[in-house]
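Engineer: The following block contains the structure, expressed as structure tokens.
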Amino acid sequence: MNVKLKIFFPTLIAILSIFTFGVLFGEDIPIGRGKNKSYFESINTSKINVSADGKIVEGEIIVKFKSNIGINSQLYSLKSLGGSQKTTLAETGHLLVKLQDGESVYSAVEKYKDLPGVEYAQPNYIYRMNSVPPNDPNYSQQWAAKNTGQTITKLIDNLYSINNPPSGQGYDLGLEDAWNLSTDCSSTVIAVIDSGVNYDHEELSSTTWESSSCVGNYWAGTKYCKYGYDFIDLDDSPMDYTGHGTHVAGIIAAQGDNLKGIAGVCWSAKIMSVRVLDQFGNGTSATVSNGLNFAINNGAKIINMSLDGPANDPSMATAISNAGINNDVLFVVAAGSQGINLSTNNRFPCEYSSPNIICVGSADQKGSIANFSNYDNSASIANRGVDILAPGTNILSSYNVILTGYISADASTGWTYSGNSANDWGYMPDTGTCYSEPFYSNGPGFGFPGGCGAYSILPNTNSYVYKTFDLSEYNEAQLQARVKFQVADAGDFLEFLADPNGGNPIQDGVTIKRPFQYPANTFENYIGDLTFCTTSTCSIGIRMFTDSDATVPTSTIVKSLSITWAKSTNSSYNVLSGTSMSTAYVTGTAALLKHYQPSFNYSDISNAIVNSGDSTTAAVANTKFGTSLNTYKALIYLNPPTITSGVLQ
């Protein structure tokens, strides 16, 4: 089961609020969750303050100090201009700096770069995924694997219409011939630097990376990591909330020959998900740089970056270059999907000169360059930024589709009560007879028999009611209720509890909400996280407690109780187009080649890929090496297979 999603669905919440809730109240008691943070928390609010032109992060810059400048001197220099350290980046000497309120990023860059001991200062640039609005399913629909002239059909997003189907002979990767040599990439860690990956997807759940000695710049020493890391929310659950990273990962390594969906270039692999793009597809120099260093320091040898940005980013360039020199890491990056000529425009990291980068543009089903793909037709072929083309239109792969809904927690049946005295919770068939509210449900709920505000709960009350729910099919859940509660003093409280193991949550569960002294005799809304309780035996309880003094609360009613849920289908697919997709095909080929030729370093792999491809008109005109990817030819580039007794060896 997936341990973390962060769902926000404005329409559903708006509808439910009419019946159940409006604002939060009370004090949340922290609990240890087995399912990490909640997707409900921030899905419609970006944590990245993107500038109006979409190019940089407002209010912060990156400053690189010389190696002989100590941290105290660095901080003193920042303070002299009114700045402060926001965080330390993984690259030595790099600080993410918080500027004074209202300060211009570009003017700050000019000031900070002139500080003594500073090598350079730069904006914190924005990076975005490269998908073009897309769409469709099944191996026969994977034209990049085997192009039969098939027409690709629509699934969710719009199709790329040009050369679908191709006229005459189509272009493909020769994957069936390649798979005769190898389908395994599991000896190499592949990092997907992207929007995250749905690691519970039926095609990807068996390919996830894990490490018992994971290192990172947000904790000391080592720890256990599974899946990768999330540099947007800074936790261990790099779940994909856009579908983009899941689509990319499926192209690379969807499990093949398993009677489900599609086959990736690699049929078995170790995919490290590194989330550096938020739910809106935005990342920054800081998130990307930290993500790169996490991947490098935890053993990734091939890094997929299906993202790009418009500015030369020294922080990223340094990380990539050092990874090749010190760690033998190959980077496969997207040329970008703006349809521009890089001879007169810039996109990075595509145009960095590091030899451990392969920059990939998109070809369509005919082998022509896709009209959205960036290209480089510079007269000086050696100076072209785009290295190679690969399939990038109408690509079928795994996807992440999130479903939402709610369960009405019927108060009339199935609940266990602590007692039936006048000082115990009781069922109220119609809460509206006591407190009727316009625009809210006045149906059944729970109250005390005195009811309607005329009855004071006695001292030393410890009354509860609970019920068990099956929430096992959901990735995340929230408890929602409308509550009227008047507390007399801090010794009296109303609380909600839950136990994922069933039974009595008042005895064995954890508190998910304890409102204490607020609100006072008014109806308020309550929302509490139940993600830790998405089991088949989630027991939910309500407890009323008063102390021994004579000051007691009155008028306690709970109504409109419901459970809102979210889940991923884990079996969704989509057809997308973009240089992001092309990049993933080259990454998969690089991983397949690394496993097939274990002695190859990044240079050997890169040379085999860019020099072995098909020489096509589109590639010759628009790329440095004049080739379109052919996976089979890459595998046999230096060591052609031998035939013994009719068997390919």
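Positions of Cβ are set from backbone N, Cα and C atoms, glycine also.
Note that the coordinates shown come from a computational prediction; the quantities given were computed from them, not determined experimentally.
These came from TrEMBL, pasted as-is:
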DOMAIN    48-124  domain 'Fervidolysin-like N-terminal prodomain'
DOMAIN    187-422  domain 'Peptidase S8/S53'
ACT_SITE  D194  active site, charge relay system
ACT_SITE  H244  active site, charge relay system
DOMAIN    558-626  domain 'Peptidase S8/S53'
ACT_SITE  S580  active site, charge relay system
Engineer: Measure from the CA atom of H244 (active site, charge relay system) to the CA atom of D194 (active site, charge relay system) and give the result in Å, rounded to a whole number.
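Structural biologist: Approximately 8 Å lies between the Cα of D194 (active site, charge relay system) and that of H244 (active site, charge relay system).
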Engineer: If I take the alpha carbons of H244 (active site, charge relay system) and S580 (active site, charge relay system), what is the distance between them in whole Å?
Structural biologist: 9
Engineer: Relative to the Cβ position of H244 (active site, charge relay system), how many further Cβ atoms are located within 10 Å?
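Structural biologist: Step by step: centre on the Cβ of H244 (active site, charge relay system), count other Cβ atoms within 10 Å, giving 28.
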Engineer: Look up S580 (active site, charge relay system) in the DSSP assignment and report helix, strand or coil.
Structural biologist: helix
Engineer: Based on DSSP, tally up the residues of the domain 'Fervidolysin-like N-terminal prodomain' (48-124) by helix, strand and coil.
Structural biologist: 18 helix, 28 strand, 31 coil
Engineer: Using DSSP, what's the helix, strand and coil tally for the domain 'Peptidase S8/S53' (558-626)?
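Structural biologist: Across the domain 'Peptidase S8/S53' (558-626), the residues distribute as 35 helix, 19 strand, 15 coil.
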Engineer: When you measure from the Cβ of D194 (active site, charge relay system), how many other Cβ atoms are you left with inside 10 Å?
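Structural biologist: 31, counting other Cβ atoms within 10 Å of D194 (active site, charge relay system).
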Engineer: Counting across all protein chains present, how many other Cβ atoms fall within 10 Å of the Cβ of S580 (active site, charge relay system)?
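Structural biologist: Here the count is 31.
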